[in-house]
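Residues annotated as active site in TrEMBL: GLU377. The active site, proton donor annotation in TrEMBL covers HIS465. The domain 'FTP' feature in TrEMBL is assigned to 70-116. TrEMBL lists 222-384 with the feature domain 'Peptidase M4'. Per TrEMBL, the feature domain 'Peptidase M4 C-terminal' maps to 387-564. What TrEMBL lists as signal peptide is 1-22.
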Amino acid sequence: MKKLSRLLPVTAITVASLSAFAQAGDPSAAVDKALQLIQQNPSAFSLATGGTARTLKFAGPQANAPADGDQFQVRDVIVDPDGTEHVRFDRFHAGLPVIGGDVVVHSRNGQLKQASLTQPAPINLAAAIGKVGNRAVVRNAPDVGASRATRIAAARFNSDVRRVDDAELVVFARDVAPVLAYAVRVYGKATEAHGDAVLYYVDARTGTVLDAQDLIKTAAATGTGRSLYYGNLTLTTDQTGTNAYRMLDPGRGSGSVYDGRGLSSDDVEQATDLPIFTSSTNVWGNNTTTDRQTVAADIDYGLALTWDYYKTTHNRNGIFNDGRGVKSYAHVVFNTGSGTTGANAAWLSSHVMVYGDGDPGTRLPKPVVSVDVAGHEMSHGVTEATANLNYSGDAGGLNESTSDIFGTLVKYYANNPNDPGNYVIGARVVSGGLRKMYKQDLDGRSFSCYPSGGFSWSNPRHDPHFTSGVGNRFFYLLSEGPSVPSTDTGLSKAQLVCNGDTTFSGLGREKAGKIWYRTLTVYLNANSSYPNARRASIQAANDLYGANSAESATVARAWSAVGVN
C-alpha cells in the first residue's frame, strides 16, 4: 500500500541540500532563527497552547514528538539579496500531519516581518491522539474508525473502485477549526466529477467528508529529434557506448523519457521494467506517429525548455530546486468511466510526467505533448515543492492557473514558429486550444470573474480547471493590460474585465512572471484563497519594485478587474 508520506511529502533537508534553496546567506541559520521566531510569537503562528506546545522540533509522522506539541519540518528556504529570509515549514501536531497548517516565516536581521499561514485557530487535540506501536489512533473521543473511513471514501468515489489505500490519521485545518480526520486514497475509474485517483479527508468524529482532491493534475551527446509538432530539433542525449544513445539529458539533471507501452497512469507508477528510449543513430522519430520515438522527441524538447525557463528566468535548478531532472513516460493511457483514453497528460504525485497519445473522436485526438502542456504539468511540481496549493476550492484554481501561467511563459520562452507564444493553452494540440486565459468562460464552463463567496470543493462546477480562469485572466491583465488579444480580435476591452476598468497598462510578461513566481514561492500557503493571493502578489511586487510602486498598483488593479478585492 502507498503511504501518506507520498501524497504529503515532507523533505528531510540537510544543511548541504538547504543551500540549493537559498540565494544568499546561511540557510541552516535561517531555519534556526525562524524556529525561534515561531516560539517567540505563538499567536501569530496559531500554536497549540499548554504543556510543551512551544517546544518546536523537526518531526515527521513517525517522530517521537511531544504528546501535546506542534512540530515543524522545513520544506523550503529563500534568502533574498538584502538578507530577508523566507522559511517554509510543514506543521505536525503530536506527530500527525496538519492539513492546511503550513507556515512561512518572513524575517530580517532576526526580526519577524510577516507570518504567512491560513490555519484558522490553534490545535487542541493532543488528548484525543494516542499511539498503537508506530500508528496514531483516536482515543478518548468518538471515532468512526479507519476501516469505516475507507468505506465512506470508497462510497463517495461513486464509481468502479480498483483499490483503497489504508486510512491515515491527520489533523485537518482547512477552513475549519482543526479536527482529526482520516486521509484516504481511492483508485478506480474516472467520472465526470473526478479523475481516477482521489484523496478524501473524512472527519474522524462524524464521518463527514471534509474535502476531496484529484491526485492526478492533468492534460552528453547532441542528437536530432524529428518531432511531431516542432520539426527537427537539437536534443541533448546520453551516449552510453559506440553507436549507443539513450534519451537522458545529463546537463539537465538527467531528465529522461521512457516508453509507457500503453499502461495506465496508475500502473506506470508501479512498473519497474519500462524501457528508456534508445537509439543507435542519435536520431529520434520520423515526424509522424508511426515511430514511437517521435512524440518522445516532443516530450524531451518540453523537458529541456521547462528546465531552461526556470533556470534562466528564476535561477531555479530543476522542478524541486535540487538539480534533479524529471522522468517522463510517453504512450500512457488514463482510466475513465468507460475504459481508458490517451487524451490527457499529467503530473503524478510520484514526481513523474505521463503523456497520452490522444484519442480519436474526442476533443484531444492528437498526442498531448506540446511545450505549454509540458510546462504546465511540470509546474505542478514547482507548486508542490513550494506553496503546495491544495487541489480544491480557491487553492485548486490557483494551483491550475499557476501551471497555465508558467506553461504559457515556457511557450513564449521557446519562441518556436511552429507554436508561437500566446495565451491559449494547448493551441498546438487542438484547434482553438483548451483554455483562453484572457476569457476562459468562452468554454461555457469556466469562470473569468471571482464570484461572491469564492469557490468550494463541494460544488461540482468548481473544478480547478474551471476556477483557474480567475487567476489566468488576472495574469493576462497584469502582463498585457485589457488589450484585445490577437487570437480573439472580435472581443472588446470591456469583455476582458469584470469591473469596467479598461484604462490601465500591463507590466509585460517578464515582470508579471517574476511577481507571480515570488508570490508562489515566498507567500502563498496550501490553503490560500484568491483574496490571499491578491495580498501576497502586492507584497511580492513591493519586494521587487518598491512599496507603492507602479508595479504594485498595477497588480492591485488587475486583481480588481477580475473581482478579487
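Keep in mind that glycine also has a Cβ here, set from the backbone N, Cα and C atoms.
A sphere of 10 angstroms centred on the C-beta of HIS465 (active site, proton donor) encloses 22 other C-beta atoms. For the domain 'FTP' (70-116), the predicted model reports an average pLDDT of 92. A 10 Å cutoff on Cβ-Cβ distances gives GLU377 (active site) a total of 28 other Cβ atoms nearby, all chains included. Each residue in the domain 'FTP' (70-116) gets a DSSP state, and the totals come to 0 helix, 35 strand, 12 coil. Recorded residues HIS465 (active site, proton donor) and the residue listed as 'active site' have their alpha carbons 13 Å apart, per Cα-Cα distance.
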